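A short worksheet on the structure shown next.
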Amino acid sequence: MLSSRFLVLGAQFSVLSALDYHHTPVLLTETLAGLQPHPGGWYIDGTVGGGGHAAAILEATAPDGRLLGIDCDPAALAAAAARLAPYGERVTLVRGSFREIGRLAHKAGFVQVQGVLLDLGVSSYQLDTPERGFSFQASAPLDMRLDPDAPMTAANLVNDLPERDLADLIFRYSEERGSRRIARAIVEARQRRPITTTDELAEIVSRALGGRRGRIHPATRTFQALRIAVNDELTSLDAALPQIVELLVVGGRMAIITFHSLEDRIVKQFMRAEAQAGHLRLITRKPVEASSEEQRINPRSRSAKLRVAERA
């Protein structure tokens, strides 16, 4: 039986749907070493996902530590509710975006906390569920929304943006050098009929770039760019970071896990600027990366980078 806090703040998500949710938390040991959760501490996981990191934090903060978990994906919250149910009233789950982490935390009673975690990666469940449209490994609707109730999909961008704007978007959010060729190919294809599936878009991009050359699929960067744009990910990160600093007590820590250079650059520059201003102390001078063993077990951890800073 779920606690009342799940029912009140977790809103309308089904615990039964969590049975199919799978996601291996990356850099788990390193994240705990960075956050240093302790008994009785209050922590926020701004991207709670399936609850892997959150469960480890709750174990470390027993018997009376508290955790607020935030996620915009109802499937993720369902998984977190099921996984974290044994911790009862120590857990509060809220549906929302981490870009509003300050408001959501205050509303839930988490005004000053000992630590905040953001894991910015797309979960294995989201990647491996075809209808979510994040992957080109299967034919699926061109969606890519982390929040399934958000108004804009990748199909909207691909079919509606002017060619120049589409090229700029792809380059800005993926640094894809062939962005103009890709945009031209997309516009030519959509003039014949709307582009509606992931495999269709992947084939268009692959042809525009001359086919596959190496381990990485030619459409990988374009899919990344569209996902970032659909979910406004970089703007959300920019908005969240200063709010996190305000939530931390002196000595409290923020741990941010990124998965591409654009995110990591934002986090690195923010932490360095705040350290120079005397608001933060850098715990990781260089990003922490997954061990070779973790990369072998979980290949999706290869691009993960962890940065940690402490409130001064």
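Cβ atoms are placed via backbone N, Cα and C, with glycine included.
It should be emphasised that the depicted structure is a prediction, and the values quoted were computed from it without experimental measurement.
The S-adenosyl-L-methionine site recorded in Swiss-Prot includes G51, G52, H53, D71, F98, Q126, and the single candidate from D64, D119 that the record places there is D119.
Neighbours of D119 (S-adenosyl-L-methionine binding site), defined as other CB atoms within 10 A of its CB across all chains, total 25. The DSSP breakdown of the region 'Disordered' (289-312), given as helix, strand and coil counts, is 9 helix, 8 strand, 7 coil. For H53 (S-adenosyl-L-methionine binding site), applying a Cβ distance below 8 Å and a minimum sequence separation of six or more within one chain yields P25, L28, T31, D45, L117, D119. Under the DSSP three-state reduction, Q126 (S-adenosyl-L-methionine binding site) is assigned to helix.
There are 26 other Cβ atoms within 10 Å of the Cβ belonging to F98 (S-adenosyl-L-methionine binding site). Less than 8 angstroms from the CB of D71 (S-adenosyl-L-methionine binding site) sit T47, V48, G49, L77, A80, L93, R95, G96, each of them six or more residues away in the same chain. Ranking the binding-site residues G51, G52, Q126 by C-beta neighbours within 10 Å puts G51 at the top.
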